[in-house]
Each structure stands twice: as structure tokens, then as C-alpha cells.
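Notes follow the structure.
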Amino acid sequence: MSIITDILGREVLDSRGNPTVEVEVYTEDGGFGRAIVPSGASTGEHEAVELRDGDKSRFGGKGVLKAVENVNGPLAKEIVGFDTTDQRGIDAAMIKLDGTENKGKLGANAILGVSLAAARAAADELGLPLYEYLGGPNAHVLPTPMMNVINGGAHSDNKVDFQEFMIMPVGAKSVREAIRMGSETFQALKSLLSADGKVTSVGDEGGFAPDFANNEEPLQYLIKAIEKAGYKAGEDISIAIDVASSELWNNEDKTYKLRWSTGEEFTTPEFVKYLEGLVAKYPIISIEDPIDENNWEDWASITKELGEKVQLVGDDFFVTNTDYLRKGIKMGAANSILVKVNQIGTLTESLEAIEMAKEAGYTAVVSHRSGETEDTTIADLVVATNAGQIKTGSMSRTDRLAKYNQLMRIEEQLGDTASYKGINSFYNIKK
């Protein structure tokens, strides 16, 4: 047994300079684990609650001292004495102590910090890498990355409606090669943007955020950048987009409005046709949140229309919650889930969401948040679960590159047993 003897929480900063929670867990035999909790900008309304202080005199109200107090007080009192390898027991005890459906009493940021740090302490105690501790000897699949090289929507200050334009090196043979291909394309894109007089400053997730005339212009630049880097679009590198359509949805008149660019408005059938046209015109392999998070029947309709051609990822739609995922599976809504550990608030629930998705033939994409840190847990998590896809930003900003660097280390550690699926990570669509 490896008994937890001490839990320490503190307030630190994320990649946007906003406060977040860091937790350290100590065991009686010298095991140690540290985790830092990420934070989102575009959040689903059904996400677990991130506890903020609301004190405008500190960090504009975004302080997390209350969450830290909950770590050092009630959560520490509850969890000290647990065997650190009892992840399910630890997480269940914290959920019970909180007593709310959305972890709003103690804060998902407090609970998640303890959950992740406990897992790291257990791995440290056993002398195992985190991915091996969580996934066992079968953890061997390196993920195909979604690299967010152009930012829009809530992640930038430009006039682009879609939140993310991503490249996916589906033709790579290893994660190291995939990262190289992504880096080369990122640099080619920077050169093209600069040559056209567009700014090359980056957004929250490390991608470029210049102004464009419409939502197709970024796609055109991606094609040019892929080719400039020496690759074939749709063969070596495919494109993924995050529409974040809940940001575009007007619930009063039931339309989607391209509010940041052209001002066009679409009914739901028109918006589906609009997206279908983009899929036909560009090598788009994945669309995240193409439909508003509360429109379940419309999600089922777009899945019936496009689900065999393209990966349809539920982010705000599922919020890493197995209750929502179960409903989606039953309705035939979406064919993939985005897994963000802080959307649900514990490691156990994140693992359950991935397992449920895979059992139903859905893909699972393990994801960062726009407010990130140097914590690399999601890199280990995606390998531990053989999920096959990861979304962790662009080829700039250390908070993003930390995850890519960790994936390359893991691939090196796995040696000949490492497997990079590339295009085959999209196992439920016609390729």
C-alpha cells in the first residue's frame, strides 16, 4: 500500500496569466505527484464548475484562493489516508464530499487537481511512467495530433467565426515525424502570411490570428502552407476545424450567424449544407461542435448526413460527461467525443468517457484547454488509453510544446512497441 500523507494546494498562473490551481500529493513511502489544472475560454454550459473567488481586487475576480482552501481543507482531510493507487475510491470520495452534480461546491478545479496529482504520486511510488501506470503494458498507441495553427472565434481578436483551423499529419509514420511535419507546415504558413502583410502574432493556443475576409480564406492558406512545406493536402496532412457553433447560435430566431465575418445567417439545414460544402471543397477530416450544444435532434441529423464522411466531435455537446455521451450514442448524434479532464473534474470520469466512446465505435480525442500550463498529463493520458488522437495546440508556446515533447519522449521509451495510427485513427469513417 502507498498511503497519502499530505496534500498541498496553491494558486499559480496559466498561459493567459490567470490564476489556476496546483496540487501536490505526498505518500508515506516518498511518492510525490504534482498537477496543474487548465482552464477554458469557450466553455460548454454543462461543464463542471470552475470555482473562482469573484474578488475584483485580485486578478479581476479570477483568483482561485477558495478552491485552494478547499484542497488544503476539506479535500485533504477526506483524502489523506487513502491508498494512492485507489483512484476510483479517491475520486468517488471527492465527488460525494462535494455533493453537487457539477462539482460547484468545492470546485472542479480543486477536485481535479487532487485527482491528477494522486495518480502521479501513485506512478512515482511504483516507479512507472504515468502512461504505463494508467494504461498498463498495452499502452502503446501514439496519437495523431490536431495542431491548431490558425485561431479564431473566442480564442482570438480577429474576424474569423470558426474557433480553430487545424492540421493533422495523417500520413506520418511516427509521432516524431508528425510533429516535424506540423512544425514545417506551421513555419510555411507563417512565411505565407508574412509575405501577404498579415500579422503573425499568435492566439491563446499558439496559432496565428490574422484577419481574413471569410472562413474559407484560412482553409486556402492551410492548403498553400501544406504544399509549400512539401506535403500533399488530404494525403499527408488533412484539415480539422472547430466551429464552436454554440458561439454562433441565436436561440431566439433559431439561426447560426457568422457574427465575426460576413454577418450571414443560416437556418440549421442551411448551416449543415454550408459545412457540407466546405467538406466537399477542402480535405477536412474532422469537425468539432458543428451544431449548438443543446440541439440534440439537429446533431443526429448532421451525423446522418455527414457522419460517414467526416469525424463529428462533440465538445460543448458532450462536455466529457458519460450521461450526455450515452444519450448521444443512443440517438446516433456525433461519432466522436472530445475529452477535457477539467470539463468533468476527475481522472476516473475522463477514463470512463473514453472507454464508453470506444465501446460504442466513437473515436475519442484527448484535449487541452485554451488556458494551459506546463503540465503534461494529457500526453500520458492519450497514450494510456490508446485513444489515438490528441488536440493540444500549435507549434508555438511552451505550454503547448510541453505536450508534444512529452509524446516524443513516450514514443522513445516505448521503442518498437510504439504504434502511430495516422489516418487509421479515424476508424469509424470512410477514408
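Cβ coordinates are placed from backbone N, Cα and C, and glycine is handled just like the others.
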Quiz item: If Swiss-Prot says K340, R369, S370, K391 bind (2R)-2-phosphoglycerate, which of Q163, Q187 does it name for the same site?
Solution: Q163
Practice problem: From the candidates E216, E217, E288, give the one listed by Swiss-Prot for the same Mg(2+) site as D242, D315. | Solution: E288
Quiz item: Just going by other Cβ atoms within 10 Å, which of the binding-site residues Q163, S370 has the emptiest spot?
Solution: S370
Exercise. Based on DSSP, name the secondary structure state of D242 (Mg(2+) binding site): helix, strand or coil.
Key: strand
Self-check item: CB contacts for D315 (Mg(2+) binding site) [other CB atoms within 10 A, all chains]
Solution: 30
Quiz item: Counting every protein chain present, what is the number of Cβ atoms, excluding its own, within 10 Å of the Cβ of R369 ((2R)-2-phosphoglycerate binding site)?
Solution: 25
Quiz item: Relative to the Cα of S370 ((2R)-2-phosphoglycerate binding site), which of the binding-site residues D242, E288, D315 have a Cα no more than 10 Å away?
Solution: none
Quiz item: Ranked by the number of other Cβ atoms within 10 Å of their own Cβ, which of the binding-site residues K340, K391 ranks first?
Solution: K391
Self-check item: DSSP-derived structure type at D315 (Mg(2+) binding site), helix or strand or else coil
Solution: coil
